[in-house]
Amino acid sequence: MEFPDHSRHLLQCLSEQRHQGFLCDCTVLVGDAQFRAHRAVLASCSMYFHLFYKDQLDKRDIVHLNSDIVTAPAFALLLEFMYEGKLQFKDLPIEDVLAAASYLHMYDIVKVCKKKLKEKATTEADSTKKEEDASSCSDKVESLSDGSSHMAGDLPSDEDEGEDDKLNILPSKRDLAAEPGNMWMRLPSDAAGIPQAGGEAEPHATAAGKTVASPCSSTESLSQRSVTSVRDSADVDCVLDLSVKSSLSGVENLNSSYFSSQDVLRGNLVQVKVEKEASCDESDVGTNDYDMEHSTVKESVSANNRVQYEPAHLAPLREDSVLRELDREDKASDDEMMTPESERVQVEGGMESSLLPYVSNILSPAGQIFMCPLCNKVFPSPHILQIHLSTHFREQDGIRSKPAADVNVPTCSLCGKTFSCMYTLKRHERTHSGEKPYTCTQCGKSFQYSHNLSRHAVVHTREKPHACKWCERRFTQSGDLYRHIRKFHCELVNSLSVKSEALSLPTVRDWTLEDSSQELWR
């Protein structure tokens, strides 16, 4: 029998115990702030605390966090998440929460913060683009309004009934943003073989005094592109009213009955573009031309609603263009599926030929493997794994959002480089000043970063935690052990290594020191 609410009830009880200080067995210090918590909860939610307590569980009652990286409000928010499973940013900057989560190796929170920063950057970019489009459209309306008086003299004659049928599928007269006499519509490439379309387009071009795009300049199917009647306010304001054309007098009545449903409005599109001179030789549209947005055409709309309003001679072209479009989409999706797979196979082949996973597997004790959850690399000790994890969250790998104009951005006073938070700025300033704030109490040697000091401390303690499995020699640094193995035991390691499937580690063999020594002397 299962109790679905058991986990929620357990977290609630642990949260109450933390607030009461009951059974709290550790204290986390962030600057001057103190946080009482339970080691089991911290180690379960953070890889940093897991590696911190792994070797010396009983000797580490107090945990000091770097206040330059982790702020007290950000850690309080992450601590609430550990006990309640809810993340509420409130008024905290996302950059501070991202820096704290990266330092504590809380990967789920890092992904959420990066996603929010990316959405924020996308929103700001979209708003900026809309403002630019609105300004460019208003300028185009002013330039196009100067020639609107010539429209009345260029009205098509009664013999252009085929061209009027094509225009009858347009949802509204306001959706056509075209310069007078320069309006052209994209026709299917197969339309060159249809005499009706070509014969009716030429008289209209002669009467208007301009060149209408012939079928050879079309690149998309007319039936595949119907007019989108739902537009942004900026797009609606920048289009021209073509009501001066007498041949379009019946369009409004047709639109009221045809576009009565909002679903049909959103599903149908036709693309109408503006250019000064359209000819068979021109295939590119300049960046200043106004391009109307279009969305994906639904199958149900194209099958049930749009077909009955198309001209009869365009029906076979519509079916052919739909089939060609579906084939192109299938090929594109196949290419997208093939590319990551091929890249992954190359990566797997490189990992199989690498010696590091096998050496790391042999170096660690039987049954203990310290694997990076992000890149699947293996390390001989939790300390080296912790140092490696910090490389995944370097400054250049983070996603940076464009800060608002009224926000004080951390900026270097010497080189003018900007940063997302104060920690990265302080770390960068050390490159200019040469400051080394971390000093060894034994010899007085200084270091720029705390992990370098921790690595140096082993020199004074004379500890040699890294042992060779075959000759019983011990080393202070893991790099010395790797060089020793490559120099003396490389052939033996290759003979013992068994390649497994891609991205999987080789099985650990139980070799005693006596067996390995005999193997060396053979």
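Using the three backbone atoms N, Cα and C, a Cβ is placed for every residue, glycine included.
If you check Swiss-Prot, you get these features:
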COMPBIAS  121-143  compositional bias 'Basic and acidic residues'
CROSSLNK  LYS273  SUMO2 cross-link
DOMAIN    24-91  domain 'BTB'
REGION    310-427  region 'Interaction with DNMT3A'
ZN_FING   370-392  zinc finger
ZN_FING   410-432  zinc finger
ZN_FING   438-460  zinc finger
ZN_FING   466-489  zinc finger
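When each of the listed stretches 410-432, 438-460, 466-489 is scored by C-beta pairs under 8 angstroms to the zinc finger (370-392), 466-489 comes out highest. For the zinc finger (466-489), the model's average pLDDT works out to 83. In terms of DSSP helix, strand and coil, the domain 'BTB' (24-91) has 29 helix, 14 strand, 25 coil.
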